[in-house]
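Data first, discussion second: the structure below is written as structure tokens.
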Amino acid sequence: METETGEKRDTTTINNVMCLLMHPDGAPLGAPMYLPQNAGPQQLQLIVNKILDNEEKLPYAFYISDEELLVPLETYLHKNKVSVEKALPIVCQPQAIFRIRPVNRCSATISGHAEAVLTVAFSPDGRHLASGSGDTTVRLWDLNTQTPLYTCTGHKNWVLCIAWSPDGKYLVSGSKSGELQCWDPETGKLSGNPLSGHKKWITGISWEPVHLSAPCRRFVSASKDGDARIWDVTLRKCVICLTGHTLAITCVKWGGDGMIYTGSQDCTIKVWETTQGKLIRELKGHGHWVNSLALSTEYVLRTGAFDHTGKQYSSPEEMKKVALERYNKMRGNAPERLVSGSDDFTMFLWEPFVSKHPKTRMTGHQQLVNHVYFSPDGQWVASASFDKSVKLWNGTTGKFIAAFRGHVGPVYQISWSADSRLLLSGSKDSTLKVWDIRTRKLKQDLPGHSDEVFSVDWSPDGEKVASGGKDKVLKLWMG
């Protein structure tokens, strides 16, 4: 064969490589197949869309041994000296169709709180923002004008945590004195009396997913008193008390399968069913306090029926249906996964429905693990530690992928962009940092706070980042 310039080209060198294309959960897309060595990501895109019969062509990223394939197969095989005697496993990871712009500038610094901002959270549709502070107030902010909207007063002590219901109708806050308040975000007014029952401060709040129950009525709170309580906002009372931990509960998650997970200073994670509050299973392995829990489905549980298109819904039934579709699509055939981070410097990856034993132990941090978080697509787990680093792990296997270094103080909290391509961290060193998952490098350094950054959140619509900390101001960041 001759090229246009008349040179002879050797056509015999295009060998085929036997490849096994796989779903992220390890299930094969089909039988192993021979692909030409010069095939790269673009050719693989076409092949996968054809195999899966996708009506709309979806974007995919391809991974071999946790490394993204960005070159033709032959270049990769040559560079990594891979033997091709057996089928080469290639993981096909569906990518978000939309792309989030990295945030790179502070668009507003909003003062109003009289003490440190301890927690910030965007509503599920990304249109509203709430913050809780040591000044005992919860504040709601107008994101269009970037000014304070409502100051919600009623707590008598520091507001330690806040949580939006996944249908966006309620905001619940928990304080250092153990009481919970439920707010109507449309008016900033209390909806009813405080919910009291806990004897010590509130450490976590998690709502029942909207695909299990709409409109949203039930949420669970965890406390330093060692109990978790399920509340019904319509009945205005505690309906089930989950008792059994011997020390403080530090974190709580209401999973998509309807189970509640509680992590405690007694080193255990307990799994509860939510009709009677029975203990189903106990996950043991950590040698010290459990600090943080994350679910692989967390992003779809948080956002319910809302996605990047900004569609609003006319009825709870419609919302429930769409939320269920989104949840099932995200989960696929794999069980919901759970990651726990601890004071023992380690993390565990669990599949609580499959086994009470951890799938893997994740080691590498040199100090306590403060916060763990799955990426929205479930592909990655990120962990923040007092060792000043953020680490990235494979969300299915728990294998270590990369360490992000750059902070000069403990990292308190992390948050993902909705497309799973960027990771945000906030630190004691007064900065926020944005990390690029593909290049595994620092994408953006965001200084501006004059003191420790306690809380960060990336809006589910991807447009904005909010941060709050010791300097009492709330900062909004844009792309």
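Any Cβ shown, glycine's included, is placed from N, Cα and C.
What you are looking at is a predicted structure, and each value in this text was computed from that prediction instead of being measured.
Some features that TrEMBL has for this protein:
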DOMAIN    27-77  domain 'NLE'
REPEAT    110-151  repeat 'WD'
REPEAT    152-193  repeat 'WD'
REPEAT    195-233  repeat 'WD'
REPEAT    242-282  repeat 'WD'
REPEAT    362-403  repeat 'WD'
REPEAT    404-445  repeat 'WD'
REPEAT    446-479  repeat 'WD'
Touch test for the repeat 'WD' (195-233) and the repeat 'WD' (110-151), at least 3 Cβ pairs under 8 Å: no
Over the repeat 'WD' (404-445), work out the mean pLDDT and round it to an integer. 96
Short question: most Cβ pairs under 8 Å with the repeat 'WD' (110-151), which of 242-282, 362-403, 404-445, 446-479? 446-479
Long-range neighbours of the repeat 'WD' (446-479), counting only residues six or more past its ends (CB under 8 A): 98, 100-122, 124-127, 129, 131, 133, 139, 141, 143, 146, 299, 302-303, 306, 308, 310, 409, 412-419, 424-434
Composition by DSSP (helix, strand, coil) of residues within the repeat 'WD' (362-403): 0 helix, 22 strand, 20 coil
Residues of the same chain, at least six outside the repeat 'WD' (152-193), with any C-beta under 8 angstroms of its C-beta? 115, 118-119, 121-125, 128, 130-134, 136-140, 199-207, 209-210, 214-216, 219, 221, 223, 225, 231, 233, 236, 301-306, 316, 319, 323
What does the DSSP secondary structure composition of the repeat 'WD' (404-445) look like, as residue counts for helix, strand and coil? 0 helix, 23 strand, 19 coil
For the repeat 'WD' (152-193), what does DSSP give as the number of helix, strand and coil residues? 0 helix, 19 strand, 23 coil
Grouping DSSP H, G, I as helix and E, B as strand, the residues of the repeat 'WD' (446-479) number 0 helix, 18 strand, 16 coil
